[in-house]
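Student: The structure is given below, and queries will be raised subsequently.
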Amino acid sequence: MRKSGSQNDVEDINLRETKACNDIDSDMAETQSSLQHESISKCQIPGLGYVVFVKGSGPHDIDYGYLPNKPPKEVLVSRKCAEAVLRGAQVYVPGVMACSSHVEEGDLVAVSVAVEQPSPDGGWGLGITRGTVLQGLPTDPFYFERNGLYIGQGTTMLSRAGIFRASQGIAVDMNNRVFKLPSFYDVLEGEIFLQNLPSIVAAHALDPQKGERILDMCAAPGGKTTAIAILMKDEGEVIAADRSHNKVMDIQKLAAELGLTCITTYKLDALKAVRKKNGSSDMTTLCHNKDNNDVVVQRSDSKSLGNGVSSATIVGSNVNTTCEENVSNEKANERTYASKADIRKTMRRMRNGPGRNQSLGGRVENSKGFLPNRFDRVLLDAPCSALGLRPRLFAGEETIETLRNHAKYQRRMFDQAVRLVRPGGVLVYSTCTINPGENEALVRYALDTYKFLSLAPQHPRIGGAGLVGSCEFPDGYVEEWLRPGEEELVQRFDPSSPLDTIGFFIAKFAVGSKDDI
C-alpha cells in the first residue's frame with residue numbers, strides 16, 4: 001500500500017509483525033482491543049491467521065468550498081455507489097446519476113448521494129434521469145433529495161461528457177472522505193480479497209475438507225466460494241451457482257484472479273436447485289443415460305450460437321455424453337403479457353441506460369439442477385432483507401409484510417438445500433440481516449420440519465448467542481424462534497458489539513439419516 005501511495009487514505013496506519021498464531025493469547029477481550037487500536041493488523045482469532053483487519057476512521061469534517069450563490073462543482077451518485085464509497089471504493093462510472101455542468105477532467109468536485117424518496121404510486125424511487133445537470137442551488141429541483149448527504153471530495157478522472165459516454169472505469173478519484181478507509185484498487189491483485197469477518201467465519205463453519213463435493217447455492221459475488229476453495233487447498237469440487245449471468249461471470253473472474261481451479265460455476269435459480277426426475281424442460285429435450293447421476297447443464301452465451309442451435313451437455317461421474325438440438329423460440333414469441341416487473345425494468349433502462357442489468361458477455365453454463373444427496377456440504381447464504389449491512393443509507397422499502405415474505409422465500413430455498421446434502425453431511429445457513437424472522441425462525445422451521453437435522457457446534461465461534469422465544473404479530477401470527485439450549489449453537493453478529501462487524505447470522509446443521517422420509 002505504501003508503494004501504491006494508498007497510505008494517505010488512512011491516518012496513522014500502523015503495520016506490525018505479530019507472533020505465530022499458536023503463540024498468541026486468544027482472549028477475546030485482547031482481540032477486540034487490538035481491533036480498536038490498530039488501523040491494519042493481523043487477525044488474532046485462532047484459525048484465522050491469514051486474515052488482516054482494516055479499520056477506518058470518521059466521520060471527518062470536510063470543507064467543500066461552498067460560497068453564497070456559488071456552489072462547488074458536484075457529482076451525484078446512486079445510494080449503492082455511495083455505500084461502496086463509504087467502505088473505501090472509488091466512484092465508478094455506472095454509479096454516477098447526475099453532474100454539474102462544465103465539469104472537466106481533473107476538477108475538484110463534491111460527491112453527494114441520491115436517496116430514494118416516496119413516489120406518487122406509493123413506492124420509493126429517485127425520479128432522477130441519469131445525466132441530469134445539477135445546479136447546486138436551493139432552486140435545483142433535486143436539491144432537497146441530497147441536501148446534507150455529502151460523502152466527500154474527489155478529482156474527476158473524466159469530463160462530464162466522458163462520464164456519461166463511458167460504460168466503465170473510475171469517474172471520481174476520492175481523496176477526501178467523510179469516512180476514511182484505504183483503497184485497495186490495484187493493490188496485491190489476485191492475492192487478497194476484501195470480505196466482512198462474519199462471511200469468513202461462515203466458510204469456516206462449513207468446515208470444508210479436501211476432496212469433498214461442496215455446493216454454494218447463492219454464490220455471488222464469490223467471496224465465500226473462494227474462501228471455501230482455499231480452505232480445501234483447492235482440492236475437491238466446489239460448485240458455485242447463482243441465477244444472474246453477470247454475477248456468475250464475476251465469480252469466474254474472481255476464481256481466476258486467485259488461481260483457484262476447483263471451482264465450477266453455473267447459472268441456476270436456487271429455488272430450482274433440485275433437478276426434476278424426468279429432467280424435462282420447456283425449451284430443451286435433454287439426453288438421458290442410465291449412469292447419469294449428476295447435474296444437467298446447458299451452455300449459455302450472450303450471443304446466439306446461430307440458427308437457434310444450442311449445445312446441451314450432461315455432466316456426470318460416468319458420463320461423457322453431448323447432444324445437440326434445435327431449440328424452438330415459439331414459446332418466447334407467443335408471450336404477449338408484460339408483467340409489472342418487466343415494465344419497471346424497461347422504464348429504468350430507458351431512464352438510466354442499460355447499466356449492468358444487460359449481459360456482460362462471456363460463456364456461462366446453465367444448470368438444470370442437481371440430483372438429491374449429491375453433496376457432502378452445502379452453503380446457503382440466502383438472499384435476505386440485508387438489514388445487517390453497513391453502511392445502509394436507506395431501508396424504507398422494508399415493511400413487516402416484506403420481511404415475512406423474505407422468510408417464506410428463504411424456507412423454499414432451504415427445502416431445496418436439505419434435499420441436496422447427503423446423509424452425514426453438513427448444511428450451513430447464513431444471512432446478512434438482523435431480522436429474527438429470517439434467522440432464528442428459519443432454524444425453528446428447519447428443526448421442526450426435518451427431524452434428521454440437528455444444530456452442530458461452529459468453529460471459530462466469535463459471534464453472540466441467538467434469540468430465544470417468540471414474537472406475536474398484530475394479525476395474531478406467532479413467529480417461533482429458538483428454544484433454551486439452542487441459542488449457543490448459532491452465531492448472531494450484532495453491529496453494536498465490540499467486534500464492530502456487519503449484522504450477520506450463521507446456523508450449522510448436521511444431516512442425519514433420511515431413511516424415514
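Glycine residues also receive a Cβ, built from the backbone N, Cα and C atoms like all the rest.
Marked as domain 'SAM-dependent MTase RsmB/NOP-type' by TrEMBL: 125-512. Per TrEMBL, S-adenosyl-L-methionine binding site is recorded for Cys218, Ala219, Ala220, Pro221, Gly222, Gly223, Lys224, Asp242, Asp269, Asp381. Per TrEMBL, active site, nucleophile is recorded for Cys432.
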Student: Taking the Cα atoms as reference points, how far is Ala220 (S-adenosyl-L-methionine binding site) from Cys432 (active site, nucleophile) in Å?
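Tutor: So the alpha carbons of Ala220 (S-adenosyl-L-methionine binding site) and Cys432 (active site, nucleophile) sit roughly 14 Å from each other.
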Student: Taking the Cβ of the residue listed as 'active site, nucleophile' as the centre, count every other Cβ atom within 10 Å, in any protein chain shown.
Tutor: 24
Student: Cα-Cα, whole number of Å: the residue listed as 'active site, nucleophile' versus Asp269 (S-adenosyl-L-methionine binding site)?
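Tutor: One finds 20 Å between the Cα atoms of these residues.
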Student: Looking at S-adenosyl-L-methionine and its recorded binding residues Cys218, Ala219, Ala220, Pro221, Gly222, Gly223, Lys224, Asp242, Asp269, Asp381, figure out the farthest C-alpha pair and report it in angstrom, whole number.
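Tutor: Answer in Å: the longest Cα-Cα distance is 19.
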Student: Using a 10 angstroms cut-off on Cβ to Cβ distances, just flag whichever of Lys224, Asp269 is the loneliest among these binding-site residues.
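Tutor: It is Asp269 that, of the binding-site residues Lys224, Asp269, has the fewest other Cβ atoms within 10 Å.
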